[in-house]
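If you check Swiss-Prot, you get these features:
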{"type": "TOPO_DOM", "residues": "1-4", "note": "topological domain 'Cytoplasmic'"}
{"type": "TRANSMEM", "residues": "5-25", "note": "transmembrane segment"}
{"type": "TRANSMEM", "residues": "32-52", "note": "transmembrane segment"}
{"type": "TOPO_DOM", "residues": "53-510", "note": "topological domain 'Cytoplasmic'"}
{"type": "BINDING", "residues": "Gly124, Pro125, Pro126, Gly127, Thr128, Gly129, Lys130, Thr131", "note": "ATP binding site"}
{"type": "BINDING", "residues": "His343, His347, Asp418", "note": "Zn(2+) binding site"}
{"type": "ACT_SITE", "residues": "Glu344", "note": "active site"}
Amino acid sequence: MKKNLHIIILALSIFINLLFIYIFISEVKPNLNLNLSFILTAAVIVVTYLLFKNKFSELMPVNYNNITETKEDTSHRKTNITFKDVAGLDEVIDELKVIIDFMTNTEKYNKMGAKIPKGILFYGPPGTGKTLLATALAGETNSTFISASGSEFVEKYVGVGASRIRALFAKAKKSAPSIIFIDEIDAVGTKRNTDNNSEKDQTLNQLLVEMDGFNSNEGIIVIGATNRIDMLDEALLRPGRFDRTIHIGAPNMKARLEILKVHTRNKPLDESVSLSELARKTHGMTGAHLAAMCNEAAILAVMKNKSKIGKEEFEEALERVIAGLKKKNPSVLEKERNIAAYHEAGHALIGKILNVNTIEKISIVPRGEALGYVLNFPKEDAFLLTKTELKNKITMLLGGRASEEIIFNEISTGAENDLKEATKIAYQMVCNYGMSELGNRVFDLHMLKSTEIVDKEIDKIINSCYILAKKILLENKHKVIAIAEKLLEKESITKEELETLWEEENTLCV
């Protein structure tokens, strides 16, 4: 309808302009030179075209095949990566070994009337190994690995995305046995709604049709990966399409150790390096983070002309990954340096007294956008946190600002990220965990007419934690000063140095 309207408007525009020229020539300038009248007519047509150039391009017929060939960027290859290259995901690998057995010993499953799953969906945070697992499965089954990104199928022209989906599955059937891997599948598989986006809906519909259209004995498996499973259309998740839905989470300590072994097996390590210690210090880090850390440590060793990678390089690499690049010549004012020292001292002291985490290092060496940081890690991997533990985390986060207020009788902008994280935890306590005076219930802010009651509860939690932080710091002000002065002197304090300083201050108090 829209295109027809554009055609009518363009035709009328040209007709009116030509009519105007005709009247001008016949009535106003009847003796006008014929060549000049021709030039005027041509000029009007050219100007009209230039004014409506974009509309003309939209009205031109689209060659879907050419678009598919030029824009589609799928990889189509055999891979040498196997499960030996995957670490820390033993449970997932065991699940995938069933798929391998299915593909290599089809007959015994056919006798039992069992069908191989058509699709597997990996979901979880970025960097946890979803792409690596898909590639390894292709390597283990000697299948052709065909990968694509969900965004490759999202286009302006209606029908292009669907055309690419058809081409992808046609390629897979031609190359069978094959594995189709669609990364960020949420870009193409988002829930359908009332919005008028026919291209997006057609693309998703075509994907659904293709997944229904091939038989499990054709040797094709579709693997999708996403970190937003909540956004996927229900039709995509139903059995018969994605039969297996597997969560790939951040690795625990044992898994991190296995991942570190894989990423250091071809690297010369010094005797000072303890992979177990590194696994303990890297709580919350994904496989991608660990790979980046190991690579960074190797680069640092080369830059220092060392023959082996030592503990020092790994510690520096860990800080780079977590806190950012160290600034060699920071233009930090002395006043800002003092504020940063007392700010970090406040965090560290409350963290130690409330036993929030193990304090590994305190530093006022600027990294990234931060003037200082406290490197701290949990003593063990925990799946559950109590209300007290969450409030202690908030109190530690607010310790930096509380320390500034006590020492300088003033607060700075340095607590921005601390406040964001503290508010996030308090929000989760109120809305997700039922840990407020509102009782054992959850809240969806999108469904509430007013968020005032939730905001009040968040304020109560943060204010009570801030009062506790100030109380602890006032009672241990001498220790805050001692830690800050040591930071101003040395710029960084290790775990061992903090313990020594703590004991000295305790002795002085006695």
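Here the Cβ of each residue, glycine as well, is placed from N, Cα and C on the backbone.
Pro125 (ATP binding site) sits 31 Å from His343 (Zn(2+) binding site), counting Cα to Cα.
Around the Cβ of Lys130 (ATP binding site), 27 further Cβ atoms fall within 10 Å across all displayed protein chains. For the binding-site residues shown (Pro125, Pro126, Gly129), fewest C-beta neighbours within 10 angstroms: Pro126. Looking only at the binding-site residues Thr128, Thr131, the densest Cβ neighbourhood within 10 Å occurs at Thr128. Candidate recorded positions: Glu344, Asp418. Fewest other C-beta atoms within 10 angstroms, Asp418. Within 8 Å of the centroid of the Cβ atoms of His343, His347, Asp418, where the record puts Zn(2+), the same chain has further Cβ atoms from Glu344, Gly346, Val374, Leu397, Leu398, Gly399, Gly400, Arg401, Ser403, Gly414, Ala415. Around the Cβ of His347 (Zn(2+) binding site), a 10 Å sphere holds 27 further Cβ atoms from the protein chains shown. Each residue contributes its Cα atom, and for His347 (Zn(2+) binding site) and Thr128 (ATP binding site) these two points are 30 Å apart. Other residues of the same chain near the ATP site, with their Cβ within 8 Å of the Cβ centroid of Gly124, Pro125, Pro126, Gly127, Thr128, Gly129, Lys130, Thr131, are Phe122, Ala225, Asn227, Ile248, Thr286, Gly287, Ala288. Sequence-distant neighbours of Gly127 (ATP binding site) (same chain, 6+ apart, CB under 8 A from its CB) are Thr286, Gly287, Ala288, His289.
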